[in-house]
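Colleague: What TrEMBL records for this protein is below:
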- 1-51: repeat 'Filamin' (REPEAT)
- 51-143: repeat 'Filamin' (REPEAT)
- 141-230: repeat 'Filamin' (REPEAT)
- 233-324: repeat 'Filamin' (REPEAT)
- 340-422: repeat 'Filamin' (REPEAT)
- 425-517: repeat 'Filamin' (REPEAT)
- 519-612: repeat 'Filamin' (REPEAT)
- 614-705: repeat 'Filamin' (REPEAT)
- 748-843: repeat 'Filamin' (REPEAT)
Amino acid sequence: MPSGNGLGPKVRDNADGTICVEYEPKKEGRHEVLMSYDGSGVDGSPFACVVDKIENSFITAFGAGLVGGLSGDSVGFTVVAKRGTAKDIEVKIDGPAKVDLQRKDNDDGSANFNYMPMTPGAYNINIKYHGKPIKGSPFVAKVSGEGRKRSTLSLANSAEYSLKIIEPDIVDLVGTVQTPGGQIEPIILKKMDNGELGIAYFTPRQKGEYVVCVLRSEKNINNSPFRIKVGDKEIGHAAGCTVKGDISEALANKSNEVIIDTTNGGYGGLTVSIEGPHRSEVEVYKVEDRVYTVHYSPHEPGIYILNIRFADEDVPGSPFLVNVGGNPSGRVRETITKDVEPAAAISAGSPSEFVLQIPGTNPFDMEASMTDPEGISELCEVMDQEDFHYLIKMTPKTNGLHTVSIKHKGMHVSGSPFQFSVGQLSHGGPHKVQVGGPGLEKGEVGLQNVFNIYTREAGPGTLSVAVEGTAKATIQLEQRPNGFLGAQYKTSKPGMYGVHVKYNDVHIPGSPFMVNVAPDSGVARQISIHALKDKGLLIDKPVTFSVAFNGAQGHLHATVRTPSGGHMDCLCQEMDTGVYAVRFIPKENGVHYVDVKLNDAHIPDSPIPIMVGSTASDPAMVTASGDGLEHGKCGAKNKFIVRTAGAGSGLLAVFIDGPSKSALSCKELDEGYEFSYTPFCPGNYLITVKYGNIPIAGSPYQAVVTGAAQPQDGRKGVGRKPSPVVEQSSMAVETVEKKAGAGGVRRKLTGDASKVIAKGPGLKKAFTNRVQTFNVEIKDAGNAVLSIGMISPSGFPEAELSLKKVSQTTYTVNYKVQEIGEHILHIKWGDDEIPGSPFVLTT
């Protein structure tokens, strides 16, 4: 009992294998029942029970469900009150996921509750009696177990609104909407399928007239502002949607169909997510006149939760609890974990080296280079070692973030370019782990499939690599210097495998990587490629090469992956016995990957990278900077600059993933492009910058977006509820070639104005029509721009003022004044005035 005195309970044998324990509490507080059988404690003992004194009676709550349980298992608890008052007991459960609470009221005043938590975490159980919380409420139940796997699909078709005008280029357009309540919010513009300009995510929340302004260079375009009248029918409301299909029973590894009718739902975005013990494939099958047919296929049987939301609200009946039956997939997962120590810091001037394993490469075609923070590139030494291992040596000359590029035949290998910190290391987090290598693109049964993992910029943590597929895989990790790890896996059966790479238990960007492990390629190894030109190719000009079978038999198939992420088939034509011509016409600049397969097995060197357009379009020369890459405000414009000067022309793509869509716009600058994004709710946003379909060094960036500031007129700031699924916004720009120089990569000068000394008679007093002199000494002041200016009493610059260098660190200044009055002399080193400046000289 709470006072520490034991309370002897009455134990009664029910003669049916059960016993009844009765006790009457006399005090409020926590009671514990210690129960032993044959001298040893009964499982679960001591049992806890909380007693509260309400009015003239006691109310008690007990049961395992108040403490915790396992995700996916049903747990329960009991609340006992005065006889006949069970209806006055209220129970509400809040937690990481919605739970279905089952309740049974008994005549004796008790009520039994059961719930099944599907997601691990802490759940708050609020128990009220006659509207007042009982003692100990809310109870915190800690639920452990496997985290739920969530698969999502986001569809915005039903939230699109056409403005009925044609705009050829939407890159530099910015849109805002004024709601009937007077709030001004940014909107996301898009080009509709018919070429018209439209709003991508129009979700009106109130009736009335919405005014949409579309601006280019801060001026309204033709027909802007647009006026949209919204009535009851147009407001997005989930209650108007209907769902039918497989929403209570489903089969694993089979396509289960759900039909969602949003005809009466107004304007709003639709999201479908399914979470359960395993991943599920979710795809939209067809869309016709606001009726969506969605197919989902869970990998394993079990209990899954199907969430269907429209206009940010659950549709009637959602979330649906789906009992998935059928046969297990037989997929096996093998996991290996490793604690990663922080990488050793490297200081400027000290040699550094790292090792990469890149199968299928020729040592004579390998090259590596390092670009320092000022944009100066140097070649690194590449030494060939056994089994396609390459030792890369370099000596950085300055501190800061360097970019390292590793190329084979002039094209970046998978995972290149990457950042390399010299000097102090930052703790980046899981999004800074980079991976690359052929083992993440294709696999083969019975062979070691290899890839490289780079954790240097992520800081210390726990790395886990798992391979899941039709057979158990053996995984090996190889420790290498300076933050690199080698990873390889080998499996005995073909099929689609998922390679999961996690850091501190969080998936790195792109994970899980889906790899098609082909059967032993066998005869495919005999095939060879001839007459392939992989550089100097142009858009709309055919690319042709020949494939010789060399005695192999089978079906040849070739596809091309384009820089924008699309796929297209190549034309394969037999020219002679066992000799085929393969042909395709590129439509974009950038690196294309050609997959050439015989009977679904890659031939040697496949996938083959082919550069279309200028070979100067190098992602290693592209840099991104700006506050918007690290933090931002929701409902406000957050900016960052992508510098493409000296990197040729190519497709520049920006992707922003986060808890809401973001309105993205772009403006051209001398040295590149300025992107502005406006997120609609706070949270972490992942910003990925790709050039020619290759992520630039340092990408992705994580921006922490906080709530909107309070506007001056007292209205509440913009801030929507976070979406339960990850929303993606993107923008692609076909860049034009920009020369480094004017506005190119600028040197960062670090001067200290306080160390500059100015002295001489010319600083004491000025005399009209007489040349005055003084010296400026910059010996210990670092590097910066010296600027000297003098203003006459009438407000104009002095007519005569000259600066001359007399020694390595000394400059002489001569001036002659003509007016009588106060002359003001400014001397700046960089952006700062030197000690004593501005000097006031009177005549």
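Note: Cβ is positioned from N, Cα and C throughout, glycine not excepted.
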Colleague: Relative to the repeat 'Filamin' (340-422), which of 1-51, 233-324, 519-612, 614-705, 748-843 accounts for the most Cβ pairs at distances under 8 Å?
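Modeller: Going through each listed stretch, the top one turns out to be 614-705.
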Colleague: Find the average pLDDT over the repeat 'Filamin' (748-843) in the predicted model and report it.
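Modeller: The predicted confidence over the repeat 'Filamin' (748-843), as a mean pLDDT, is 87.
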Colleague: By DSSP, how many residues in the repeat 'Filamin' (51-143) are helix, how many strand, and how many coil?
Modeller: 6 helix, 52 strand, 35 coil
Colleague: DSSP helix, strand and coil counts for the repeat 'Filamin' (233-324)?
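Modeller: Helix/strand/coil tally for the repeat 'Filamin' (233-324): 3 helix, 53 strand, 36 coil.
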Colleague: Can you count helix, strand and coil residues in the repeat 'Filamin' (519-612) using DSSP?
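Modeller: Counts, helix then strand then coil: 5 helix, 47 strand, 42 coil.
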